[in-house]
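Here Swiss-Prot flags 169, 170, 171, 172, 173, 174, 175, 176 as ATP binding site, drawing on sequence analysis. Under the heading site 'Required for activity', Swiss-Prot lists 373, citing sequence analysis as support.
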């Protein structure tokens, strides 16, 4: 066989032309130090702030400190088997979590991975955990209510859709109970809920999930969990993950409610990370950007206008506004609301609900102190009937607390003062409410109407609860149409007032409590 040199050269040329250089450019570095969940990496170039760094064993760390010759990163998960000299590489990605309707009814960790044993989640995509909040032009004023189901809150400290209302108090004052009841009350309202548990015991969270399931609210709720035993990085990021899951509904013209339980533990986790990264400590050893930690999170709770929703959905959803309402929880130490983190969050939010240990221990539950609790924007969103009827409730309670303190020193009181004290006592008693028993707008309206129009005057203090229960049972059976109208419209006019008065007059005649 004779070889033709021309054919050989043509074949070689053809092979050379077809040859493709396949090269993978990887930004790789070496771990130079590992301690307490923090790794220091040398040799990485082009790293972004907050970028995910791939570690051995299919784990990730997040780059938080970008220094001249090294990168400080916090490990997302266990770190005991990491060692100096191991290779790591950049991913070019910022941390993202799954979002969508498939998360409703599920319990997930900070990274959006299911931990409830119900199989994989059918998500609609991914969203970055850190998102810039909507601007001023994209927002709409708050004018629709979020009913918590608590008389004390809905009448005196109303919450609107898109508002940030802080729940603050010492440990064991009913903060979580109030937030969980608010979630339970949304099961028929169309508001989707996200409950973020930060730094709590796994048994406590399991109990919350069980209660939500028992009351039919879990199907409407996403539970995001970062327990006390998990890495500080996961506790720090959990609220941001939950917020991204809630924003999915807001940006599509729906309403969502998110509870952060609690942001004190998130601040402690962030302080731990910052100190380990050797960032300079400030007041109470918190880093200088702890205000920004919470402000950038809570500013994402907002009501957005129809133009924003239409633009976000590429015209699929038109003429609908969306909202994300936040109920951040802060735990105080011995009632000290002037500590660093509480004052920060008070200044960021649109109002606060103060829960007091003394009130809780005296049997007043929810233990709301109406004197120092406030809602800065909720008044514009309050249901008409409750707004009209509850005007005197806050005044009555404030005057009662003042007079009760004064009457301890005064021996004889005039009739007007005594009447005020008695009215205040009855209103205080009426504001008591059992856990897991949120009330409808109509039920609240009937109770407040009875207090405002003097129907409690002849009722003994220890019978107020029985009086209310019997009254609501009577009104819902004998005046079902009136109650249905109030629930559907929320209006207050002469017909509704006449119907309530007639119903109460007839009930009082029966003396069946």
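Keep in mind that glycine also has a Cβ here, set from the backbone N, Cα and C atoms.
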Of 169, 171, 172, 173, 175, which is closest to residue 373 (site 'Required for activity') if I measure between C-alpha atoms? They're all binding-site residues.
169
If you take the centroid of the Cβ atoms of 169, 170, 171, 172, 173, 174, 175, 176, the listed ATP site, which other residues of that chain have their Cβ within 8 Å of it?
331, 355, 357, 360, 367
Could you check the binding-site residues 171, 175 and say which one's CB has the most other CB atoms within 10 Å?
175
Within a 10 Å radius around the Cβ, which one of these binding-site residues has the most neighbouring Cβ atoms: 169, 174?
169
Given a separation of at least six residues and a C-beta threshold under 8 Å, show me what packs close to residue 176 (ATP binding site) in the same chain.
208, 261, 329
Cβ contacts within 10 Å for residue 172 (ATP binding site), all chains included, total 12
Would you mind pulling the DSSP three-state label for residue 176 (ATP binding site)?
helix
Residues near residue 170 (ATP binding site) by Cβ (under 8 Å) yet at least 6 apart in sequence within the same chain, in sequence order, are 331, 332, 333, 334, 335, 355, 356, 357
Restricting to the same chain and to sequence separations of six or more, state which residues have a Cβ under 8 Å from that of residue 173 (ATP binding site).
355, 356, 357, 360, 367
Determine the Cβ neighbour count for residue 373 (site 'Required for activity'): the number of other Cβ atoms within 10 Å of its Cβ.
22
